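Here the structure comes first, spelled out in structure tokens, and everything after it is commentary.
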Amino acid sequence: MPLAKLCAKKLSSPLMKLCYPNLNGKLPFSNLSNILDNSSLKFHSCNPHITCRGLSTVALRPQTITKDDKRDFMAVFPDIVRDLTQLNPGISDLSTLISKIMQYNVSGGKKVRGLTVVYSYRMLAPDHALTPENIRLAQILGWCVEMLQGFFLVIDDLADQSITRRGRPCWYRNPDVGLRAGSDALLIQSGTFQLLQQHCKDREFYIDLVELFLDAVRRTTYGQTLDHVSSFPNITHLTMDRYNFITKYKTSYYTFHLPVATAMYMAGIYNTELHRQAKSVLLEMGHYFQVQDDYLDVFGDEEVIGKIGTDIQEGKCTWLAIVAFQRASPSQREILESCYGSKDPEKIKKVKDTFIEIGVPAVFHAYEEETYNLITRQIQQLSQGLPHELFLTLLHKTYGRKQ
């Protein structure tokens, strides 16, 4: 059943009319967070027909990716670097640079995207295909996804002039890097396709993978570009429709769809309907994930998330900003308009205080609970051939995250 219909069944008619007065019940799920106010919060907290996560009917608690999986995945990284550097024996300084770029920008982080490829393949492939050779290939493809992540982060940090990433200075802020970070990022991106060719060119799914990765790069670039040109003070850009587009392209495709679709092709799953169903769920997870990111950028613990939030001072088109402007009183709106997008620490604090005064954190937590349950129910509607446990695991690891 489409998630929009599930949403309509879960929410009362008064709340539907309040949140979507012009849609006549035909709501796009990604707009669930649009126009939530005190009435919706009150409904969420007291209506017995909304099932919170603790009352989920899911019988099987999703598994998690194990420490052994992480250890085995990391053990492949030196071989990845070796593959990328041994092709340049006559240019030793370039090989050294590529190794340094990879170590700094790819090997860190939680590696959730890469591990998702491996976990998804284990869940999707038939038993006879789970050979050491294929598991290793899944790990290599996982590193290809991690390399795209590193590529996007280097470019994004440079464009945003961010300060820290994963607990240390952004790559471009290193004294010997600077604007060269742009070409360094391209080395990471080109290395991704080098690995795909080196390890998969004789496989049946090679062309599908190349097209999948190229599509992820193109869509993510669209999203990043629109994100950079949608900053305040152009208040016409602070709309939920624009935000949904940015989120879908900037985050959802490469964070959730790419890893699972990679594993599906590797497991021999080419059925277009199964890919469509998986994509639908995964893009919704990506939207959910980005809303969480927006919240953590403002209210997260910098020591835990490993970076200093900059969305307020950059005037980003974020879920928090849109909800705040929609719910603000005239005086609160005046504060937001005069302070949002400023690098002045006092004005940044005023924006945070105003977010709290408006009740944005409470709206976010209501959104998070409702969305978790709605996506859970969409997962339960997936066809055979798409193991529910796989998608529930991804959702479970996303819910309530602090980094």
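Quick reminder: no glycine exception, Cβ is built from N, Cα and C everywhere.
Ranges compared are 156-160, 246-250, 351-355, and Swiss-Prot records motif 'DDXXD motif' for 156-160.
Counting only same-chain residues at least 6 apart in sequence, those with a Cβ under 8 Å from the Cβ of Asp156 (Mg(2+) 2 binding site) are Ser162, Gln224. Proximity of Asp160 (Mg(2+) 2 binding site) to non-local residues of its own chain (separation of 6 or more, Cβ distance below 8 Å) is seen for His228, Thr310, Glu314, given in sequence order.
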